[in-house]
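In what follows, a single structure is set out as structure tokens and then discussed.
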Amino acid sequence: MARNTSNKLKVIGIMNGTSIDGADFVLVEVNKKDLTCRHLQTQSFNFPKNLKLNLIKAAQHKMLVDELALLHHDLGRYYANCFKKLKGAFKQASLIGLHGQTVFHKGQIATLQIGEPSYLAEVSGASVVSDFRSADLALGGHGAPIATFFHQINFGRKGKTISVHNLGGISNLSLIQDRKLKFGFDTGPANMLMDMAVRVHTAGKESFDRNGSLAKKGKSNSALVKQMMKHRYFSKKPPKSCGREEFGEIFYSQYQRQLHEMSVEDRLATVADMVAQSIAVAYKKFCPVMPEEIIFAGGGAKNKFLLQKISEYLPQVKISTTEDYNWPLQSIEGAAFACLAAAKYWDRPSNIPQSTGAKRATSLGKITQV
């Protein structure tokens, strides 16, 4: 791979999470010395209806191997077509970090992200780094969470204990003390479960509760929340990771009858309350020290009702978002994979063993060039 000799590198990070709604293309400038990143631009693309349905089908493990192979290449072509629509500074990137779509993840055992990177490498002329999780699994880790590397570098502050908390399909935290990651883990579901409640109610016509406005009008069913919180994942010690396998359609179906006896407002309030409680429990039960501040990121950070509930359960902690630090909410996960791609490019270790459980640090990802 031809090396960029500059001390700064423009990198695109591409992320589509467990919510399966679309892909975020995030352009950052990465500093070679310390891998700190500066956000330049973010552009989001929605999935076409058929592609989205097929990705959901794959994530639900309802797809034959030949269908999965076709989808792997269809998604790769989709990324390439999105790249063609990008303009300006995006075209200056010489490196791309591509997460792909997770269709299976079981920590320490197996993980699979689809989306063939060769199409993107061909249309962009850039090197594409993908398959970020497998090396960590090979070292005995969970392969998640790995965005903790980016969080530590870009949000850690001297003499401060903070947490960077991503609210994507899954909720995960990075507890950072004096610029060093103490640990990080998935706390449980976030948007995945809340969005599911909306989609089921509207027969797929709506995909999320904008700003938590419906949940805010409802009343949480505390008895049902208590029942949902009995899931064994919430009492499992970190390092740990979870996904659709634990908190997807099967989990939702266990409580569907009780939820659907409620108004949509009460249903969404109940699910959001459960997410908030699971987050609060994670901090109280597993964090050796409570952070002074939790900086939320991801689509779920737009849900004002959810943040309000978290604040009620953690009243001693300052609640903020990455927007308070000049990072758009939707940019963080994509930026994290741009940062991981740069680490691979410069051959720097990028997993954090105390976060994933791996026996040692290594440089994550595989490089594709065409």
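The backbone N, Cα and C atoms fix where each Cβ goes, glycine too.
Heads up, TrEMBL stuff is auto-annotated, nobody curated it.
Since we're looking at a predicted model, the values are computed, not measured.
Residues or ranges marked as ATP binding site by TrEMBL: Gly17, Thr18, Ser19, Ile20, Asp21, Gly22, Ala23, Asp24.
Highlighted in sequence order, Met15, Asn16, Phe47, Gly168, Gly169 have their Cβ within 8 Å of the centre of the Cβ atoms of Gly17, Thr18, Ser19, Ile20, Asp21, Gly22, Ala23, Asp24, the residues recorded for ATP, and are not part of that set.
Cβ neighbour counts within 10 Å, taken over all protein chains shown, single out Asp24 as the most crowded of the binding-site residues Asp21, Asp24. Under 8 Å, Cβ to Cβ, and six or more positions away along its own chain, Ala23 (ATP binding site) finds Ile14, Met15, Asn16, Ser44, Phe45, Phe47, Tyr78, Tyr79, Cys82. Around Ser19 (ATP binding site), a 10 Å sphere centred on its CB holds 20 further CB atoms from the protein chains shown. Cβ neighbours of Gly17 (ATP binding site) (same chain, under 8 Å, six or more residues apart in sequence): Thr102, Gly168, Gly169, Ile170, Asn191, Gly298, Glu333.
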